[in-house]
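Here is the structure we will look at.
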């Protein structure tokens, strides 16, 4: 008798709250939720037409951590975050993941096994050198491992790696670190400043902005392996980036992504992990890097990134084919590796 | 005979019929059900049979076609063959090309890369296969298992592929003979590869899918041999067959006799042992049952209320 009105009183604000969070999530996911609408409007199976949500639009809302901002604003603010963390980025990675990110990265690279060419295979005509494009590869963590795997483990010098990043500060850190590599590896390494959503316009690191004509983009079907490790969640428009990856890859080329993901399958572990990431990581960021906001953004962006299955569907939607279920969970799903292959032309 | 508790019996019948539908197609299910009710409960049989046939359309109308499809995929049926193993067209094209390189390269990444080149892909392309070289082994096992039905036709002549329910009347001994012939066929086909593949399959992360494939294989063998029992021996038969099969494969890797005669003898010995053990077990059970009832009866005769 008494409980009922009390219940109702509670129920009204809570229903309001859920409706607002719904609205919020609809706004913040708007590049993705328009997916369905525009796909419905679209005429079926016109492969060349790019859906509307995959065309970068500076005014379209997207999310920056838990905030909703426009795509252009996100680009600026992500640039701000990474410019401010560039120097301490690697040290922070070690502190945040107890060094475990190295294990993930090693596994990622060895599962791709770049430069693997069995010489005994019949018809092993010297194929064109393998070209690896490491997007958002700023400090070179993945690229250096790729080179080591190809040159040292597989003994294949015919592999070149392009490190691309939108942020010159991160690239500069990578450039400095690359000076410790053997000369043969430095020779095949190049640094490129580019926006992953539009790789038709790139500029080499350090090229003078004035008088430099940004025409030498990455041509169609020129890349064997496109990798992006812990970068894609910072993109303003992920579908556009996936389509750009599809464009630059050769038929048979592989898109591989290492990214934080959802550990929902293990509730207890997930609780501890969430607790750690939301309370400890910003604190470590404040103490070590003197920048709490940037690390707050990092954990929020992990939370906002789509689940394994959703991201796999986005990859398939961009035209890739996946093997098996299309992803591999690492450490119970804290991170996941997604791979897709550009199919052969019919 | 105990006074018949009809609801209990009805429940038992439901369980029976459902366990049947998980194993066989709907049509033969209640035919065999009727034979079982005949043996267990004589007079009730026609009534029970009528009830099941009356209920069946109702059950079917409640299910939507998709659910039926999903249910049917988990058991053997000639009317609704199980869907082919989960290889996407692209995986299939790489794997089938790579499979041709296995004699030269074994189940390795080299074979995969060679296959990918043949299929018109790049050296990097096979990395999308989730389990690397093990995918190739799984492909091999699946293909062998799927091909077993055709080979059963060779071994048994025309009726081999007709399968369990039409063969209904096979005796225990005949089934055992057929099991032996099929197992021999299966292990002969896989023989040469197992030295290489076994090492990869024994890696901890690949053990569960390997065991699953082994279970599916022994299920297929028993099905093709015409075994249609649905008592608890359904499980023990499959487990013992899997064990024997794995043991025979291991034996074969070191067998240098012509035509693998030693392995065949080994296989026969193991199968005979299972029969002997099974016989001992049955006798034991009978003895324990008899002693227990006798003991209870003795106590009752002394006036104990049991």
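Placed from the backbone N, Cα and C atoms, the Cβ positions cover glycine too.
As the structure is a computational prediction, the values presented were derived from the model and not from experiment.
According to TrEMBL, the feature region 'Disordered' maps to A:21-61.
The compositional bias 'Polar residues' annotation in TrEMBL covers A:21-39.
For residue A:165 (S-adenosyl-L-methionine binding site), applying a Cβ distance below 8 Å and a minimum sequence separation of six or more within one chain yields A:135, A:136, A:137, A:138, A:171, A:174, A:191, A:192, A:193, A:194. The feature S-adenosyl-L-methionine binding site is assigned by TrEMBL to A:139, A:165, A:195, A:196.
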S-adenosyl-L-methionine binding residues A:139, A:165, A:195, A:196: largest Cα-Cα distance, in Å and rounded to whole number: 16
A:139, A:195 as binding-site residues, winner by CB count within 10 A: A:139
DSSP three-state assignment for residue A:139 (S-adenosyl-L-methionine binding site): coil
Chain-internal residues near residue A:196 (S-adenosyl-L-methionine binding site), provided their CB is under 8 angstroms and they sit 6+ positions away: A:135, A:136, A:164, A:166, A:228, A:231, A:232, A:235, A:241, A:244, A:245
